[in-house]
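One structure is given below, encoded as structure tokens.
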Amino acid sequence: MLRLLLAGSFLGSAEALFSGDVPVVSIKGIQGQVDMPLLGLGTWLYNSSVAEGAVTTAFGMGYRHVDTAAAYKNQDGVGRALSKTNLPRDEFFVTSKISGGLSASATEATADQCLEDLGLPYVDLMLIHFPSAWDGNFSGKKYRQEEWKALEAWAKSGKARAIGISHYCSRQLDDILEIATVPVAVNQVQYHVGMAQAGRLSTDDRDYMQSKGVLYQPFSPLCGPCDPPANKELITGKLVTDIGSVYNKTGAQVSLRWLVQQGLPAIPKSSTAVHLKENFEIFDFKLSEDEMSRLSAATSPAVGGGPNPTDSGDCGVTEEEVTLFT
Ligand SMILES: NC(=O)c1ccc[n+]([C@@H]2O[C@H](COP(=O)([O-])OP(=O)(O)OC[C@H]3O[C@@H](n4cnc5c(N)ncnc54)[C@H](OP(=O)(O)O)[C@@H]3O)[C@@H](O)[C@H]2O)c1
């Protein structure tokens with residue numbers, strides 16, 4: 001079993017130090033609660049061989065959680081790295097994603113292909129990557145509901161422990177909740193220091209998601225896709241490095257700590273060993289209330305690309321206005 005600690009207990013304890021262990025947050029699975037480690041490794045834009053190398057290095061350090069997707073085209077590399085660890089399947093957590101806008105048969109086929117590429121019998125979490133197809137086609141309630149129902153059926157056969165969505169806004173979540181027979185575990189959206197005050201246009205109605213029991217899972221925790229220099233602000237920026245100097249921690253560690261201290265899992269991406277190690281070492285210090293407030297009050301870096309439905313699933317933007325990133 002995962003040697004992990006509950007986020008609830010960790011969050012309540014100022015002095016906790018968990019060498020080698022990572023706290024977890026519980027998400028709503030198909031058959032009860034599923035524990036997701038609060039820290040994982042992102043793999044977006046990595047090819048198979050970079051992903052294999054990064055997962056191998058990270059898991060060698062103690063990471064037990066990786067985030068990938070069919071669209072990343074690197075799941076074979078992730079799978080090879082996982083296989084090399086020789087870890088029992090219940091000792092690590094894998095998230096994958098299938099594209100939005102898929103028919104029922106394509107949903108099943110794409111999700112099955114993810115398992116085949118990963119070389120795994122099941123994933124811990126399977127997400128629908130986007131509320132429509134990438135090109136904006138197959139958008140709307142009817143298509144969202146069809147794909148969700150097909151994903152439920154697939155997961156219920158034992159191929160995913162939990163299922164969820166990504167880039168959905170509250171209206172789009174409601175489409176799913178109307179017909180869901182298993183919990184929507186997670187909505188994965190862009191969220192990092194700089195966005196807490198960004199409002200509904202950027203933050204996917206976080207409170208609404210959480211009121212429905214859907215874990216708000218941040219992606220791009222270091223603002224990876226932000227345009228320079230904003231993509232360095234959460235690493236070498238004054239706000240995060242000043243706070244980090246109090247604890248002998250780096251800016252990146254402070255940025256990640258701000259998320260996990262709220263009970264939100266962080267999935268920073270790195271293929272650099274020293275960065276992977278740094279990102280893992282965020283559970284041996286605690287930010288003060290004042291520091292958390294200052295980080296929450298930050299208004300930059302803004303959401304990468306500006307508030308838009310591709311990053312936020314913004315409900316204020318109509319289906320027709322959805323802009324595209326591929
Ligand atoms: N659901 C979705 O549609 C979606 C969208 C975007 C992202 N995601 C997920 O979220 C993950 C993370 O987001 P992201 O890939 O956009 O980027 P990110 O994690 O916000 O930032 C990654 C960048 O930060 C650098 N970095 C990482 N740790 C560092 C450290 N300690 N010190 C200095 N630099 C550091 C990395 O470079 P080095 O390699 O040099 O360390 C890389 O350039 C993705 O990989 C993906 O799994 C999901």
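Count begins at 1; order follows the chain as displayed.
Here the Cβ of each residue, glycine as well, is placed from N, Cα and C on the backbone.
Per TrEMBL, the feature active site, proton donor maps to TYR72. In the three-state DSSP classification, TYR72 (active site, proton donor) falls within a helix. Around the Cβ of TYR72 (active site, proton donor), a 10 Å sphere holds 21 further Cβ atoms from the protein chains shown.
LYS97 (site 'Lowers pKa of active site Tyr') falls within a strand when secondary structure is assigned with DSSP. Feature annotation from TrEMBL assigns site 'Lowers pKa of active site Tyr' to LYS97.
Within the same chain, residues at least 6 positions away in sequence whose Cβ sits under 8 Å from that of HIS129 (substrate binding site) are ALA69, ALA70, ALA71, LYS97, ILE98, SER99, GLY100, SER166, HIS167. As annotated by TrEMBL, substrate binding site applies to HIS129.
Residues or ranges marked as region 'Disordered' in TrEMBL: 298-317.
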